[in-house]
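Novice: So TrEMBL has the following annotated:
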- 70-92: transmembrane segment (TRANSMEM)
- 112-135: transmembrane segment (TRANSMEM)
- 189-208: transmembrane segment (TRANSMEM)
- 228-246: transmembrane segment (TRANSMEM)
- 351-371: transmembrane segment (TRANSMEM)
- 392-414: transmembrane segment (TRANSMEM)
- 426-444: transmembrane segment (TRANSMEM)
- 488-517: transmembrane segment (TRANSMEM)
- 541-701: domain 'STAS' (DOMAIN)
């Protein structure tokens, strides 16, 4: 097999050099697949050992654990995170529409499983407000479809339409048939059934993404999309908590436009606000915000962050209990939180079918946030993570806990930052946090009976400070990149005003549309020479550039493909001031009229008449260049339409005696041009059409004669 030869004229040289392309060894896809199957299916004790240790990274790093160096930082960060985790877990149960005990289960199991399977040393995996909101929206929707009342304080409706008493609301069951489910199940039972089914399916999606190495999906979630999505969801979370802040009872809105509908209901019922809840909320928000601001200001002096949430919860619970706020003022409280563990249960398959579509965005968002935070920590502390293993880890953090009445989890930014700031060294800190949660699960949970829901709402709202502060960054973001700002605004608005899932989809689609538009209408320029150098730049952007006589240099800063073909041609014709098609038509018209004029002159001369009165002033347009150089340095690829476009301008300009030269083409573009027949069948004219620098092309244009020794 002959190797293709490419000729190029080097700078300040009068000879051509042959560039010999490496021969590519083509392997059939069948051979590749069979080789991979043989490698995957082969067995050896060493390979089995590596597989197990890769699947459970704890087996690699735990035997090398430096106890004296790491244990203090891990214990301190684990205790702090555990202390923060307990009140947040109880609070985020409001977002998920579930009882606080399930949030505690989730926090416990997620920390244990990530300790075994995670590759990031600093990420805190567990309850995350955004994921809890997405779970809660699905749970609320399915409860409504099943005929339950979403009002937290309303007794469940029995099968015959009668109401249960408050004392029986958690224990009485009735026959329920929904989505193929035929069992005796109450509101709480059905809600956690939906949540576990959703969590299990999301975990399965994540594991399948890991098996098929689909982590590239996260690339379509740009920083602007994620920030806009988080901010829009934060507005939704804030809106959902306002009713607890002021102690009013309004229906929980579902579907599109939930934010607007909820605010309308809030203002309609504002007169029913509970004064006790309003005062409690105001005090808690002031204390929490003040503590957060002081903590941010003096964080360099603090060994670990102040456990403000825990202090607020303890004090508020004591005040509510001894002040009888529920009985005297009607303030809504958390209620009984049982201790111990409920017997494991397999998620219901018929419920999985109902939530299969909802689980997909949940799986993607959970994975993206976890991997993003893992990569951030790994970069900061100079170690590596395995993104595919992270996908397995977060997948099993959903699959396994779903059997133990837990719901979806993800890495959380706030707790991860706290973890890094308190001296965390390894995943052992997650085990310490799990032990703190276990202590609450086994012994301390009943003590939170009198905790007001408005206090939990305050904790949730104050935790949204970081996301809501993104609004302050909009001017700076707009100054840095206008398109990214528009993507952020569109994603945020769609997530808040429509729904979180739709908002995420809108953000991804709109971001991709922006990318397509950018490639459809990229920057184009005519280049001038930087004086006394062999470099060329945009004539409109830089001063004192020299133009090359009889030469135009055109740059197109995008791939050339079917979507931007017309823009390429229009920009080329506009900047060079010459449309070869119009000029060719003009010349034909001139030649035709010139012939008619000559015939008329011959006719008048034969009749003895003078022809001076009929002389036509038909002068073709004067062309100020003889060579067009296309700078292909920014053209990353050509499709069939792109190759045909270049062939078209080559032909059109050739009819006007204008040479078209290509410069700075990458090998992929050269191969596309060869396959498309741009250089002819035998590539004989290739050295006269293709150059590896603009300056080489300019020199060739100024001296159209090739040296005698240049041949292929």
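Glycine too: its Cβ is placed from the backbone N, Cα and C atoms.
Nobody curates TrEMBL annotations by hand; they come from automatic prediction.
Surface or core, plus neighbours and distances: that's what I need for these features.
Specialist: If one looks beyond the transmembrane segment (112-135) by at least 6 residues along the same chain, the residues whose Cβ comes under 8 Å of a Cβ in the stretch are 55-58, 81, 85, 88-89, 92-93, 95-98, 103, 106, 195, 198-199, 230, 233-234, 236-237, 240, 358, 361-362, 365-366, 369-370, 373-374, 377-378, 381, 383-386, 389-390, 392-394, 396-397, 400-401, 407-412, 415-416, 418-420, 424-428, 430-431, 433-434, 460, 463-464, 500-501.
Tertiary neighbourhood of the transmembrane segment (228-246): same-chain residues 94-95, 129-130, 133-134, 136, 252, 258-259, 262-263, 266, 270, 273-274, 277-278, 281, 332, 365, 453-454, 456-458, 460-461, 464, 467-468, 470-471, 487-497, 500, 503-504, 507, selected by CB-CB distance under 8 Å and a gap of 6+ residues from either end.
Proximity of distant same-chain residues to the transmembrane segment (392-414), defined by a Cβ-Cβ separation under 8 Å and at least 6 residues beyond the stretch ends, is recorded for 55, 96, 98, 101-103, 105-106, 109-110, 113-114, 117-120, 123-132, 134-135, 192, 195-200, 202-207, 209-210, 341-342, 344-347, 362-363, 365-367, 369-370, 373-374, 463, 466.
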Novice: What stretch in 70-92, 189-208, 351-371, 426-444 has the biggest tally of Cβ pairs under 8 Å against the transmembrane segment (488-517)?
Specialist: 351-371
Novice: Can you find at least 3 Cβ pairs under 8 Å between the transmembrane segment (426-444) and the transmembrane segment (70-92), where each pair is 6 or more residues apart in sequence?
Specialist: yes
Novice: Tell me, roughly as an integer, the mean pLDDT over the domain 'STAS' (541-701).
Specialist: 84
Novice: Do at least three C-beta pairs under 8 angstroms join the transmembrane segment (189-208) to the transmembrane segment (70-92), pairs 6 or more apart in sequence?
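Specialist: Touching, no - the transmembrane segment (189-208) and the transmembrane segment (70-92) miss the threshold of 3 or more Cβ pairs under 8 Å.
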Novice: Near the transmembrane segment (351-371), which same-chain residues lie under 8 Å Cβ to Cβ, leaving out any that are not at least 6 residues past its ends?
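Specialist: Distant Cβ neighbours of the transmembrane segment (351-371) are 123, 125, 128, 130-131, 134-135, 138, 142, 179-181, 193-194, 197-198, 200-203, 205-206, 209, 215, 217-218, 221, 226, 229, 385, 387, 390-391, 393-395, 398, 408-413, 500-501, 504-505.
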